[in-house]
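Structure first, commentary second.
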């Protein structure tokens, strides 16, 4: 029996090896498959069935279809980072009941649908960092009962609806940093009984979301730094288990004495880099060990003496130094003696503004005939009912209203009257040609408005009047030939604007007047051939600018001036043939992701990338026509570099690039287009460089097949201390 089992195991191993997809590397001993940074556009169908770890980073899948992994039911780890995924179809992960780790970071996913993550009953870690997630539909996480870590950092979330995380019964860490959150439903964190850490730093919260946080009885750490919070009111945090609170780098001007009285176990309080001139003695925090006040303009006068005395009595360590009076400037708080803290003039502490009370839920009401209303989620839907008029009579506390795929034609004034709590409105594919004046009147809580795939060609400037909190506006696939001038003056909180797949020809001065808070502007697949130098100037906070698939003949360098926060620029599929010196100099200090692929680019001048350097994390130059590129040796922070399908001329002028690629631990895909004897050979393995002056013994590669083989397979000495997978990855770079 033992011999029979061994024979079967060997046969199975041979079968698995034989089925390894050509672009991939299979390690059958550890059941690992690596298909890194290739040009795959679909999930390989011949991956060995017993594979446990599948690494597909850096491919181009776009959509993960239904049942994409049914052939690999034993997977425990799946990595899909940087795969250009923009949609997870419902049922994409069916059959992966053993999966414990799923990484979908750095893709373009915009919406998490209700069944996008079904089938992942054993999943413990889900990484969705760095996507474009703007909305999470109710029930999206409902089948992830084993999840302990959910990472949603660096997305485009502005609102969290009630019960959005329902089903995450064992979640311990929820990461929501670096979004644009400024509205949280009072029940957003309900049904998270085991959550221990919540990261909400780097968002747009203007006040502590006290009601939402009160649901987190077991959380011990709360990160709220880098939010524009100005005041911590009385009993602001009712978190019974909270031990560590971070409110650093906010805009705090005052903290109420009993702000933390309902968080009795608080041990550390981080209030660094705020605008606090002082603090009162803090009540109810007998276990507090440390308070950090560094970077605040502390006025060490008699008004700070009660707080100082309290620190001494309670034996609380303090970090911070006096900013005034001049005699005490720079003195650490813990070095002061009470007699030194004198008052020479009246300094009344600022009176805090009263915290705004959240409105109570209105009555549930009835539901219009032919529609469905969910009182649990406050969700109403009349999708695809062939309606000619917008129905009336939805419950007044409705938060999400889905009216897609109807035939309204126009949206009349007051169409949604009475829906003061509505947050998300879906009007996609409704044949809408006009938004009448006052159409959104009364939608004072509206954050999301979807008008995709309609017939809009213009908008009345006051069409958005009455929806001051609107932050996400999707106008993709309409008939606009220019931006709706003047409309943004009524949208002071607009953060994300989608105008992709329209017919916009140019951006002119005044187009974005009023869009001072805009962060993400999506203008892909239009007909833009010109951008005026001042067209983007009003959007000084712009972080992402997508211009791919337009008709630009040159980099709009002048228009990039005045955008100090721009971190992502997409110019793919524009007919830019030549790139001149200093093309990206105006945004060199902030740019991190640059897309220049599929442009037919023929020449890049030596100074085109002037100013760019360690901050650049990803650079896409694939599918162009240039034969050389400038020196990029100072791009030391690169995580992605794509040089595929570029016909490099592999002569001595390319030797600096060849040496630089050799030092990178990245798979860049650079191949020679000429001379003839090197055509199709990777730049790294080409032997044409061996006749160049300065070619030394330490260079990789070789003239003979044996040397070429050696270049493909690192020696044992070089691979010592590294895992087989890492060695295989490096050998195929």
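Cβ coordinates are placed from backbone N, Cα and C, and glycine is handled just like the others.
Annotations in TrEMBL come from automatic prediction, not curation.
Per TrEMBL, the range carrying the annotation region 'Disordered' out of 212-250, 251-289, 290-328, 329-367 is 329-367.
The domain 'LRRCT' (647-693) makes contact with the domain 'LRRNT' (19-53), as judged by at least three Cβ pairs under 8 Å among residues 6 or more apart in sequence.
Residues of the domain 'LRRNT' (19-53) grouped by DSSP class, helix first, strand second and coil last, total 0 helix, 7 strand, 28 coil. According to DSSP, the secondary structure content of the domain 'LRRCT' (647-693) in residues is 19 helix, 8 strand, 20 coil.
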